[in-house]
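**Q** One structure, pasted below without further comment.
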């Protein structure tokens with residue numbers, strides 16, 4: 001759908017809200033990665049000595065820090081300009097939160113720009129709005145406010161990981177991974193039929209919901225659940241991690 005950071009190739013065939021939502025999800029995923037998993041790389045690229053820089057989320061789930069589009073007016077709505085200038089003048093978490101808020105605004109503006117260009121009627125716009133609203137905002141992900149009911153009150157020294165992240169706080173003293181493994185062993189490898197509840201758990205990196213059979217791991221600092229693939233952790237690697245810290249928490253502690 002997009003031909004570059006700030007340009008767009010419009011196809012005049014009928015485009016659905018689902019098409020625009022897919023574009024929205026890709027751009028959002030890229031921005032979330034920049035502000036969480038790949039925050040160290042993002043931080044370095046936002047050099048205050050450089051010119052006005054913008055953070056672009058791309059439809060393929062990647063991101064780019066670069067100069068704004070040369071076209072005036074730009075073909076696509078532009079993200080916040082000059083995000084690099086405030087980097088060293090603010091607390092890092094406040095700086096990232098500010099960028100997240102502006103990014104949320106930009107994502108919606110791009111989505112509804114496409115809606116206008118594709119001639120969406122009232123029902124199509126409402127459907128697009130409902131789909132975009134079904135995901136946590138970038139700000140909620142960055143600030144750690146994503147789906148608080150998915151956090152577990154687990155006092156175990158073993159990191160929380162497994163194939164089924166919980167929907168509600170779990171007072172069980174055993175790690176979720178051990179509980180699930182024991183249940184499946186006793187039931188011949190069958191799940192507990194709670195997929196409907198589990199589907200509401202959101203990955204803190206990509207913002208996608210839980211799907212049956214996926215491996216997830218929970219950060220012991222911020223207690224946010226992640227797809228193992230999103231944070232490059234495999235089930236085998238998780239077995240040797242006593243306390244897991246997600247990339248965002250690790251990077252914050254490194255610079256403090």
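Residue numbering: from 1, along the chain as shown.
From the backbone N, Cα and C atoms, a Cβ is placed for every residue, glycine too.
As listed in Swiss-Prot for this protein:
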type	residues	note
REGION	149-195	region 'Disordered'
COMPBIAS	154-164	compositional bias 'Low complexity'
ZN_FING	200-252	zinc finger
SITE	210	site 'Histone H3K4me3 binding'
SITE	216	site 'Histone H3K4me3 binding'
SITE	220	site 'Histone H3K4me3 binding'
SITE	225	site 'Histone H3K4me3 binding'
**Q** Looking only at the zinc finger (200-252), what are its DSSP counts of helix, strand and coil residues?
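**A** The breakdown for the zinc finger (200-252) reads 10 helix, 8 strand, 35 coil.
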**Q** Select the most exposed residue of 210, 216, 225, where exposure means the fewest other Cβ atoms within 10 Å, treating these as the recorded sites.
**A** 210
**Q** Looking only at C-alpha atoms, tell me how far residue 210 (site 'Histone H3K4me3 binding') is from residue 216 (site 'Histone H3K4me3 binding'), rounded to the nearest Å.
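**A** Rounded to the nearest whole number, the Cα-Cα distance is 9 Å.
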**Q** To the nearest whole angstrom, state the Cα distance for the pair residue 225 (site 'Histone H3K4me3 binding') and residue 216 (site 'Histone H3K4me3 binding').
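**A** Between the Cα atoms of residue 225 (site 'Histone H3K4me3 binding') and residue 216 (site 'Histone H3K4me3 binding'), the distance comes to 7 Å.
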